[in-house]
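Okay, so here's the structure we're looking at.
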Amino acid sequence: MTLNSLPIFLVLISGIFCQYDYGPADDYGYDPFGPSTAVCAPECNCPLSYPTAMYCDNLKLKTIPIVPSGIKYLYLRNNMIESIEENTFDNVTDLQWLILDHNHLENSKIKGRVFSKLKNLKKLHINYNNLTEAVGPLPKTLDDLQLSHNKITKVNPGALEGLVNLTVIHLQNNQLKADSISGAFKGLNSLLYLDLSFNQLTKLPTGLPHSLLMLYFDNNQISNIPDEYFQGFKTLQYLRLSHNKLTDSGIPGNVFNITSLVELDLSFNQLKSIPTVSENLENFYLQVNKINKFPLSSFCKVVGPLTYSKITHLRLDGNNLTRADLPQEMYNCLRVAAEISLE
């Protein structure tokens, strides 16, 4: 990974654990309940130390208040907002962040091109609402789209078209099936993070961009993986497929032998054997399967001074293995392992 890509990578990593933690005190170091600027909606707060942010959280609002020009960061979390009129943001062309989590928004009540007119918008978060499909059209400046915890059943082809700067998409906890999103992410060549966990996928969608670093399919109903599905993913580092219905017969021999992969989670499936992985893999989670054998060939093709597995954490607890099942030469292959959990 280049130094230029490191900052965005660190942001993505932090987002795994703090997806919705963008509180004002943490972000900007001020008290959000202090004095407000004169140019602010009366029911909201625009802190003196950060006057381009307007906080309207937890106010039981049913409509979006008038937003003064000059506001760049707008927070409307935990309200009762049901609709957005097309002219709502006409006065705030500089808006960069629009956070609408925990409201009552529906697609039919988001009017016209209300979002696409925001030519500087970078973050759009509409988590925990009542959406049934992805919102759109959206501005090409967008880099972070979060639509998790809705009732989304489809992402229409073209809904995300032209979003060349989009790096993060959260679609977890919806009602998506593979056919309803196949091809929806085509052309998103900057996409690094895609979360499709907790949906209704029975197979993997087609047409995902090969730029991805992090790809999450956990908590679905996936039973098999097409041969060479991940072949084009040259930079994929984190892959989660836990809590699915994967069996040995549904996993082609080398499908997880991805040289860029750092972490692979296959826990809580129905595997009886350990799939072959790259020697570059560092974290491998296989707990709560039906594994009953430990072939070193799954980790090391050849063992030598410079050829060994880089795995540091290996979880095998909740399987049909004991310490006695581990081959004596295991540590020649797994020589840098700091943790091997069996029970």
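Cβ atoms are placed via backbone N, Cα and C, with glycine included.
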Looking at Swiss-Prot, which one of Cys56, Cys333 makes a disulfide with Cys300? Cys333
Which residues of the chain, 6 or more past the ends of the repeat 'LRR 8' (235-255), have a CB below 8 A from one of its CBs? 197, 210-229, 261-273, 275-276, 285
Counting every protein chain present, what is the number of Cβ atoms, excluding its own, within 10 Å of the Cβ of Asn320 (N-linked glycosylation site)? 12
Integer Å distance between the CA atoms belonging to Asn165 (N-linked glycosylation site) and Asn91 (N-linked glycosylation site): 24
Going by C-alpha distance, which of the glycosylation sites Asn130, Asn165, Asn320 is nearest to Asn257 (N-linked glycosylation site)? Asn320
Can you check which residues sit near Asn165 (N-linked glycosylation site), meaning Cβ under 8 Å from its Cβ, same chain, 6 or more apart in sequence, and list them in order? Lys122, Lys140, Thr141, Leu142, Asp143, Ser190
Rounded to the nearest angstrom, how far is the Cα of Asn130 (N-linked glycosylation site) from the Cα of Asn320 (N-linked glycosylation site)? 43
